[in-house]
Amino acid sequence: MTPTYPTSPALQTPGCDGFDTAICGGINMTLFWTVIYWLIPAWVFLLIPFSIFFYEADDGMLMAGTSVGAKPNSRIKEAIKYELFVIVIFGLIFALTYLFLNETAIPVREVTAPSFDAGPEYTITPNAEGGFTSSQLALMSEEDVMLLERNSANPELQTVALTVNPAVFYAGLMAWLGWFLFALFGAIGMAAMPLDLILAFVYRPRHMDAVEFAEAQMSLRDRVNELVSVGELIKIEREERAQQSADQGGGWFNKEARKRANEEKKTLLQFKQAVFLLEEDAEDFANCTQNYKSYNPLIPFGSLLLGICAFVISIFWVLHIILYMLPNSPVTPFLNTYFQWFDTWFPLFGVLSVAIFSFYLLLCAVKGCFKFGLRFLFFQVHPMKINKTYMSSFLFNTGLVLLCALPVVQFSVSAFQDYARYTTINQVINVQLKYLKFFGWWWQKKVFEYAFLAIILLTCIYLGCRPRDQSASNSIQLRDKLKSRM
């Protein structure tokens, strides 16, 4: 006879995620993750672009400076036009990539074994409690050993080709696209987050005597006057360029027009950087003077505490990447052992620890994007401050977090594979997506993990030489540069 064994309650529950699957409560995690896979591209390519177009139209400037009316219908129509363009472009990309790259080749090992019909027969007495225990198993006999020795495994791995469903494929596509952002910004933030929090304590507002107060006030006044002059020059230059473009014609195919536009963009970014740093210094000066009574002196100490915690988490992440993720045979499970230890006495702490380490990666991505934009001036920075954040900054940072969400999930699942081996998302990330056509090569060769670690090390060296944010050029140089072009 062929024995049948009662299935464990954990295995009977569909879609359980977590190290201890017996307590999941029957949540269908397959459906949960499918919803997440579709929500992320919906937000990134539908809701956020439409909101950006709508609010730009509300300001009277849509994309390339198109002026629209003040009526809400006009703003909605203009936003819909540009949104349709986005949908068509990315819809074609998604459709074509799924059409040609939707196959995954999962490696398997073939094992040949004799038929169990010729083996010994066993009778299992059901347990009165209804659950299966190891005490119901008999010791292996010589016949069992002989039967197992007849098994033969093929030394060469074979592959099973499967077609993934659209939701899983688009999750892989979004993860691959997001990895380019996360590998850069997440790595920069991993080094910059602890440093900035600790520097916020080191350079905290302090009491100033009369001489220091006068010098700081004079310095701020001079910087304000210089930046006002620079702002006026930028305004005049843009008006003159707009007039020249209208009279002589210009555009993307005009080399001189492109060169002037790039110079103007770089100058504008330098101006915005200088204004942001001036606002930071002015706020610190106010906290030392007129706002000292309302300023909470515990804030710098809170920054120091958070900076130490961030430093510890960053160090643990770097060690975990080196010891567990990069070697083909991990040196040690490291953080996996720590999380599993929690599950032996209080599983909630293990789940919270995973959440903290994973959420920290998203915070690093936002921090790294801001730090990169402030230092290298490739794009406009979007700081997030209480009661001082523009809608465009909210949308930009929301889009960045969503683009980095799936790379963070993939990175965390790969990093905590021992802890999350029985989870639904592990079966998707480390089985289906890992061997997906074209995209699988990047993940099997660990290209992004090596890039992530290399950028962390380079950022540490760079920030060790230049720890504080400084303007790319002072206001006087910027003003003289503008005057020379006029």
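Any Cβ shown, glycine's included, is placed from N, Cα and C.
Predicted automatically and left uncurated, TrEMBL annotations should be read as such.
These features come from TrEMBL:
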type: TRANSMEM; residues: 35-55; note: transmembrane segment
type: TRANSMEM; residues: 82-101; note: transmembrane segment
type: TRANSMEM; residues: 176-203; note: transmembrane segment
type: TRANSMEM; residues: 301-325; note: transmembrane segment
type: TRANSMEM; residues: 345-366; note: transmembrane segment
type: TRANSMEM; residues: 394-413; note: transmembrane segment
type: TRANSMEM; residues: 447-465; note: transmembrane segment
Highest-contact recorded stretch vs the transmembrane segment (35-55), from 82-101, 301-325, 394-413, 447-465, CB pairs under 8 Å: 394-413
Beyond the flanks of the transmembrane segment (301-325) by at least 6 residues, Cβ under 8 Å: 190-191, 193-198, 200-201, 204, 331-336, 356-357, 360-361, 414-415, 446, 449, 452-453, 456
The transmembrane segment (82-101) touching the transmembrane segment (176-203) per 3+ Cβ pairs under 8 Å rule: no
